[in-house]
Amino acid sequence: MRMMNKPALLLYFIASAVFMLSVILNNTELMLISKPVIVPAIVFYYLQEKKMIVNWVYMAIVSLFFACDMITLIDPDSFFPLIISLFLLGYLIYFKGIFDDFIRIRYHFVNRTHLLVLLICIFLLVFLQVSLMDIVMASRTEYVWLLVIYGVVLVLIGFISSWNYIMLPSRYTTFMLLASLSFIISDVFYVLKKDYFEIEILEYVNNLAQVLSYYYLTKYFLTKKSRQRNRNNSYIKNT
């Protein structure tokens, strides 16, 4: 019943399910019909749920990602540098947002277990990105500098999101972490499928992570706004 009261969110999940079906069936026509619906549907859900003015940072990020999705549907190989540049710009805007959270969140003593988990995550992220950079740069040497920047930004996004979650476990930082992990997983499996392993499961994971990233990103911005609003209300009451 709750889902029925949110038609835009329902449309998002239906379009996502149809898109994943088209990926599994390798049906281009179904893919062309379903994928362009996913981002507009989740944006309408955001507009439906918002309680304050539109966050133009969110709108800029999803607009860039939507443009990348549409270009990828047309010809991903010919427009590869443009796709990477647009995704990178979207990630940089997103990184600016989570880095602002990184500055605002109060830090406290981190126990050894949490610190160990964080260090392991950082090591895995760095190792994974370095390995992928070797694979990608071997086949696309003309865009080395762009790919290096892209990989560094993804590592920083993973690190900052993990740190924020450890410092302040909440729905707000959970969606931040899930969105960041979805971005990383999607890009990692895309590279593995495209330039290394011709395994269909990699394509499924890549597309599923990409679709889910839009939901997690939207929930992050919605819960972020709610958290900021609650803090402002508490401040007004105290004064």
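Glycine residues also receive a Cβ, built from the backbone N, Cα and C atoms like all the rest.
Keep in mind that this is a model prediction, so the values were computed, not measured.
The annotation transmembrane segment is assigned in TrEMBL to 30-47 (among others).
Per TrEMBL, transmembrane segment is recorded for 54-73 (among others).
As annotated by TrEMBL, transmembrane segment applies to 79-95 (among others). Only residues 6 or more beyond the boundaries of the transmembrane segment (79-95), in the same chain, are considered here, and those with a CB under 8 A from a CB of the stretch are 57, 60-61, 64-65, 67-68, 71-72, 140, 143, 146-147, 149-150, 153-154, 156-157, 160, 179, 183, 187, 217.
Here TrEMBL flags 115-137 (among others) as transmembrane segment.
The feature transmembrane segment is assigned by TrEMBL to 143-160 (among others).
Here TrEMBL flags 172-192 (among others) as transmembrane segment.
What TrEMBL records for 204-222 (among others) is transmembrane segment.
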For this session: Take the transmembrane segment (204-222) and find every residue of the same chain, 6 or more past its ends, with a Cβ under 8 Å from one of its Cβ atoms.
Result: 12, 16, 19-20, 23-24, 38-39, 42-43, 45-46, 49-50, 55, 57-58, 61-62, 65, 94, 171-172, 175-176, 178-179, 182-183, 185-186, 189-190, 193
